[in-house]
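Below you'll find the structure, written out as structure tokens, and then a few comments.
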């Protein structure tokens, strides 16, 4: 009974991300025309990650329905690969990057919005789209974690993957500054080289922490559910 609502929910979330991405790309902002385009912003990269992740979730659900009771070993093997890819993406990218974008954006926004989301952007990006990019990501990924168990990779390989992503994005931001002379995020213009190193190092550490948080949260949700109630224990 629970499978069909989960399928519908994932399709709805996937469609919402497709809508957000299409609306965002349709906006004619000067930053979209500069070096790196939308791909220089972690928010946009995260939206793509979330859309791809939920696309894989929907594909996994469809494959599960099509292979149920078929007895075809090859189809079952392909389904297991899809499930493994889905679980890996949630653990290494969708959860830590999604939570990072929401948390860091709103913390800096609350402190001084001009440092990360200048008021000028209100003329281009409507409020609902801003929340679609920076708010709903968190409840969507928590809903997915709550509705399906996800097998995390080994901790060493998972941390290595998220470190690779974090360092790769930092190098990409530094390369854009090298080419254009401008930092992707305005607040980086107002701090010195030493503070930037500390900030980049701190963001990498935070990404690792969020990976571990996702692992603990996933285990807590599903280990708790698998334990029988105390009144059933004999």
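Every residue, even glycine, has its Cβ placed from backbone N, Cα and C.
Record features, source TrEMBL:
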- 42-67: transmembrane segment (TRANSMEM)
- 88-108: transmembrane segment (TRANSMEM)
- 128-147: transmembrane segment (TRANSMEM)
- 159-185: transmembrane segment (TRANSMEM)
- 197-217: transmembrane segment (TRANSMEM)
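Here the transmembrane segment (42-67) sits apart from the transmembrane segment (197-217); fewer than 3 CB pairs are under 8 Å, leaving out pairs fewer than 6 apart in sequence.
A Cβ distance under 8 Å defines the sequence-distant neighbours of the transmembrane segment (128-147), meaning residues of its chain 6+ beyond its ends; these are 2, 6, 9-10, 13, 16, 19-20, 23-24, 43, 46-47, 50, 54, 57, 90, 94-95, 98-99, 101-102, 105-106, 117, 214, 217-218, 221.
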